[in-house]
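Engineer: Pasting a structure here, questions to come.
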Amino acid sequence: MESTEATMVERKAESPSSGDRARSIELAHQPTGAGASLSSFEVGGAKQGVNKAQDSAVNKGAANTPPRVAFGLSRYVVLVAYCLYCLLSGPSFMNWTTIADSLYKSGAFEWECKPGEIDTSVLPHEPKCPEQEVSVNHLFTVASCSYFVFAMLGGIMLDFAGPKFGALTGLACLITGWTLFGFSSESFRAYVPAMVFMGAGIDMAFFPCLCGANLFPGMVATIIAVYGSFRSISFIVGLSLRTIYINVEGATFRGVMLGYVGAGLGFCLLVALFIIPRRAWPAPDEAPSASAEQDVEAGADALAQKGEKNLTAIQSMKRDFLSLSFLPLFPYFVLVLITILFFAPSAKRLIPSAYEANQIISIFSFVPCIILGGIADRLGIVPVMMICNTCGLLSWILMLIPGIPCFAASQYIVSILISIQMSFLVSQVYCYVTEIFYPENLGKMIGFLCSVGGIISLVTDPMRKYSVDNGFYTMTVLCLIFALINEGLLLFMYVRKRKVPKVL
């Protein structure tokens, strides 16, 4: 944040340790990509930790001044508006099969089918040939890659341009993407750029909402959890568009998509123009507790003993990025991302009996998200990461018994297990980094993981193409192996965290 007021109130009377804990609670409930802005909300730099108690007394008066809200609106009206904003501008593409069904019915990429290869016996919203299925699902890879890669840009945009400009930029990308998507056809093949704009705009549009939690002193974690829940519920957008397009007589693909742009994103645009502030509402200040003061002193002593109190930015990044606490996190996150992004558009092949149920189950992923966040606060983040990965591991095992597709009952269990894992897909990275590292490099570390992970996840495209041509058994076994590798990485991370709770 660039405003003086916002900067002043962020210097809270809170130790680095307790500050990290508070952030882990808040971020535990966010199911989406992260950017550089994460280190800006209620977390100061590590070097500021010793001076926070002194700064708090100076800034207490500013913190007690209620933030100014446009038109004098009640903070609860703002909360409702922000929740609807999160729902309508959220990562709805993650419930990909609903969007894929609409694309199949519209005839997208049907021109890729070879002469005489079109299967006329399938339903209108099912793929007509393998080539069409591969091309449609390639769009999911493009959107998810763009979503993760541009997450860091969303954070930078928020930090340097402010909430309103960041929200308007994100919405401009979303409106452009969905408009191109609606107009795309065989004669105007704009599907790929549409997906790029869609993915790029999601976090840029969302991050400005974070300062809205500052309107509720003492309830910041709860409000962030509510935002995260509505972003998960945004999966209903794709399901609603699919339902209208398939079941309403006379509905066209272009009309349905542009209707969402006008009604859904149009509402979000009004919120961004008239409610989201130019400068972030300041974080609520709190008086330092005795334990917080002790934590500050202990942290300062530890830094002094290690001789790292005055590290340069480069030295600080080297310390964090090359630490044994961070290095295993990178392959872990990449492997999780690959398995999830392979499964999402392949559900029709892997769990055909639970295919439509999976579209609904995915919407309720906000429930385990909140529960896992609470567990992370009580037991630490690594045990929660183990729970998530074990859900993924069990799902891949079930998918292979007795073959693909597996037992019908198992397919519903797989859908639930995958939804649990997806609900905390990126939030576990937020929590792990904030719990173990000081805030000075949080945005860089999380942005790096999301961006590089998003690029590497492009490998899921050839994985799906191979599976469509040769069967899904081989790649399913590969995903099972990835989950087993992650169990080993998590065990190392658990032992390491017990030995080194905080990287100093």
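Backbone N, Cα and C atoms are what each Cβ position is placed from, and that goes for glycine too.
It should be emphasised that the depicted structure is a prediction, and the values quoted were computed from it without experimental measurement.
According to Swiss-Prot, the protein carries these features:
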COMPBIAS  8-24  compositional bias 'Basic and acidic residues'
CARBOHYD  N310  N-linked glycosylation site
REGION    1-24  region 'Disordered'
TRANSMEM  76-96  transmembrane segment
TRANSMEM  138-158  transmembrane segment
TRANSMEM  165-185  transmembrane segment
TRANSMEM  206-226  transmembrane segment
TRANSMEM  233-253  transmembrane segment
TRANSMEM  256-276  transmembrane segment
TRANSMEM  324-344  transmembrane segment
TRANSMEM  356-376  transmembrane segment
TRANSMEM  381-401  transmembrane segment
TRANSMEM  406-426  transmembrane segment
TRANSMEM  436-456  transmembrane segment
TRANSMEM  475-495  transmembrane segment
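Surface or core, plus neighbours and distances: that's what I need for these features.
Structural biologist: For the transmembrane segment (76-96), same-chain residues at least 6 beyond its ends with a Cβ under 8 Å from one of its own Cβ atoms are 31-32, 69, 137, 140, 143-144, 147, 170-171, 174, 195, 198-199, 201-202, 205-206, 209, 212, 215-216, 223, 226-227, 230-239, 264-265, 267-268, 271-272, 275, 344-345, 359, 362-363, 422.
Away from its own ends, the transmembrane segment (138-158) comes close to residues 1, 32-38, 40, 91, 93-94, 96, 100, 103, 165-166, 169-170, 191-192, 195-208, 210, 337, 341, 344-345, 443, 447-448, 450-451, 453-455, 457-458, 460-461 of its chain (Cβ-Cβ under 8 Å, at least six residues beyond either end).
Using a Cβ-Cβ cut-off under 8 Å and counting only residues 6 or more beyond its ends in the same chain, the transmembrane segment (256-276) has close neighbours at 69-71, 73, 78, 81-82, 84-85, 88-89, 102, 163-164, 167-168, 171, 174-175, 178-179, 181-182, 205, 208-209, 237, 241, 244-245.
Outside the transmembrane segment (324-344), and at least 6 residues removed from its termini, the chain residues within Cβ reach (under 8 Å) are 94, 96-97, 140-141, 144, 148, 350, 385, 388-389, 392, 396, 418, 421-422, 425, 429, 432-433, 436-437, 445, 449, 452-454, 456-457, 459-460, 463-464, 475, 479, 482-483, 485-486, 489-490, 492-493, 496-497, 500, 503.
Proximity of distant same-chain residues to the transmembrane segment (406-426), defined by a Cβ-Cβ separation under 8 Å and at least 6 residues beyond the stretch ends, is recorded for 28, 30-34, 94, 232, 336-337, 340, 343-344, 347, 350-354, 357-358, 361-362, 364-369, 372-373, 384, 387-389, 391-392, 394-395, 398-400, 450.
For the transmembrane segment (475-495), the list of distant contacts is 325, 328-329, 331-332, 335-336, 338-339, 342-343, 350, 382-383, 385-386, 389-390, 392-393, 396-397, 399-400, 404, 432, 463-464, 466-467: same-chain residues at least six beyond its ends, Cβ to Cβ under 8 Å.
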Engineer: Report, as numbers and ranges, every residue of the chain located at least six residues beyond the transmembrane segment (165-185) whose Cβ falls under 8 Å of a Cβ in that stretch; write 'none' if there are none.
Structural biologist: 89, 106, 108, 154, 157-158, 191, 193-209, 253-258, 260-261, 265, 268-269, 271-273, 276, 278
